[in-house]
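Student: Next up is a structure, given as structure tokens.
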Amino acid sequence: MIIVTGAAGFIGSNLVKALNNLGRSDIIAVDDLTDGTKMFNLADCEIADYLDKADFIEQIAQGQFDGKVEVIFHQGACSSTTEWDGKFMMANNYEYSKTLLHFCERNGSQFIYASSASVYGGSDKFIEQRELEKPLNVYAYSKFLFDQYVRQHNFTTQVAGLRYFNVYGPREQHKGGMASVAFHFNNQIKASGICRLFQGHDGFEDGKQLRDFVYVEDVVKVNLWLWQNPGISGVYNCGTGQAQSFNDVANAVIAYHGKGEIEYIPFPDKLKGAYQSYTQADLTQLRAAGYTQAFKTVEEGVPEYLDWLAAQHFIGQ
């Protein structure tokens, strides 16, 4: 069987759907549905069972899954970069991940997990090297620490981590303020015809802060490729390799709707010193490992995403 943690979340649910498209429904979906609206992400998916994340880790400890699991796609985490409860973050992200990793090692199961580009923090280079990793918040630190743990041990099973850059696309609507700018810009254009972007900061002009915006479909493809290549382990960047500006995203949304304009708002004081103004994945190691597929640009991915959003009807919309 296949286990997907964070299965009702953004990337996890896209992964479940992609596995369904490959003919797999022997999937245990693990999540926390305290936010019941996340069920929409699984409503069109086929799974064998659903387990709350606390019940799942208990059953792992009891040995109920021993010898039964082909792969764990560990996508579940507290992903809020504004959460500063370190004790909670370490238990939820770091210790939980270690428990699943050691289960996979004992059982010979593949372990493919979500890391994050946030581990690079204020760095201006994004290469999988220790000296470039400078986390700026406790979420990033929890991800960094687990990557370090993986690096320090020689596991006999596949252990592969993907440092996601700025992922956007279908099934992120439950994330609220943490959803992508593509999602928010789309809502803003529909509501008022105006996209609101931050003014210049940190040496960047208005709206010209640069991020590596990567479409969720492409992120899922890298996960599936790792699963299909169990001999590949390590920690890899997962982005397009090409930074684009927030203006690019706003203009893609405006072009899609055929209307709209951009308004620049003051850069928030609370984000100063804790904000990545530039990210761009260095894909050298991923390419060297054998991944050859192309990644969609903002101009390609955003219209596809907005087509999907236009066809959805979520609670509150």
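Using N, Cα and C of the backbone, Cβ positions are placed for all residues, glycine too.
Remember, it's a predicted structure, so these values are computed and weren't measured experimentally.
According to Swiss-Prot:
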- 10-11, 31-32, K38, K53, 75-79, N92, K143, V167, K175: NADP(+) binding site (BINDING)
- Y139: active site, proton acceptor (ACT_SITE)
- N166, G177, H184, F198, Q199, G200, H201, R211, Y275: substrate binding site (BINDING)
- K175: active site, proton acceptor (ACT_SITE)
Student: For the substrate binding site, please report the maximum Cα-Cα distance among N166, G177, H184, F198, Q199, G200, H201, R211, Y275 in Å.
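Tutor: The widest Cα-Cα gap among those binding residues is 21 Å.
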Student: How big is the Cα-to-Cα gap, in Å, between H184 (substrate binding site) and Q75 (NADP(+) binding site)?
Tutor: 23
Student: Can you tell me how far the Cα of D31 (NADP(+) binding site) sits from the Cα of Y139 (active site, proton acceptor), in Å?
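Tutor: Given the Cα positions, D31 (NADP(+) binding site) is 18 Å from Y139 (active site, proton acceptor).
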Student: Go through Q75, S79, N166, Q199, the listed binding-site residues, and name the one with the sparsest Cβ surroundings, counting other Cβ atoms within 10 Å.
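Tutor: Across Q75, S79, N166, Q199, these binding-site residues, the one with fewest Cβ atoms within 10 Å is Q199.
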Student: Rounded to the nearest angstrom, how far is the Cα of Y139 (active site, proton acceptor) from the Cα of H201 (substrate binding site)?
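Tutor: Rounded to a whole number, the Cα-Cα distance is 23 Å.
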Student: Go through the recorded positions Y139, N166, Q199, Y275 and tell me which ones have a CA within 10 A of the CA of A77 (NADP(+) binding site).
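Tutor: Within 10 Å of A77 (NADP(+) binding site): Y139.
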Student: Around Y139 (active site, proton acceptor), which of the listed binding-site residues (K38, Q75, S79, N166, K175, Y275) come within 10 Å, judging by Cα atoms?
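Tutor: Near Y139 (active site, proton acceptor) by Cα: S79.
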Student: Measure from the Cα of K38 (NADP(+) binding site) to the Cα of every one of the binding-site residues N166, Q199, Y275, then give the nearest.
Tutor: N166
Student: Is it possible to get the count of other C-beta atoms within 10 angstroms of the C-beta of F10 (NADP(+) binding site)?
Tutor: 27
Student: Within 10 Å of the Cβ of K38 (NADP(+) binding site), how many other Cβ atoms can be counted across all chains shown?
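Tutor: The answer is 23 other Cβ atoms.
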Student: Provide, as an integer number of angstrom, the distance between the C-alpha atoms of Y275 (substrate binding site) and Q75 (NADP(+) binding site).
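Tutor: Cα-Cα distance, Y275 (substrate binding site) to Q75 (NADP(+) binding site): 23 Å.
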Student: Sorry to bug you, but what's the C-alpha spacing from K143 (NADP(+) binding site) to N166 (substrate binding site), rounded to the closest Å?
Tutor: 15
Student: Looking at Cβ-Cβ distances, which residues of the chain lie under 8 angstroms from K143 (NADP(+) binding site) while being 6 or more apart from it?
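Tutor: Non-local contacts for K143 (NADP(+) binding site): A77, N93, S115, S116, S118, V119, P135.
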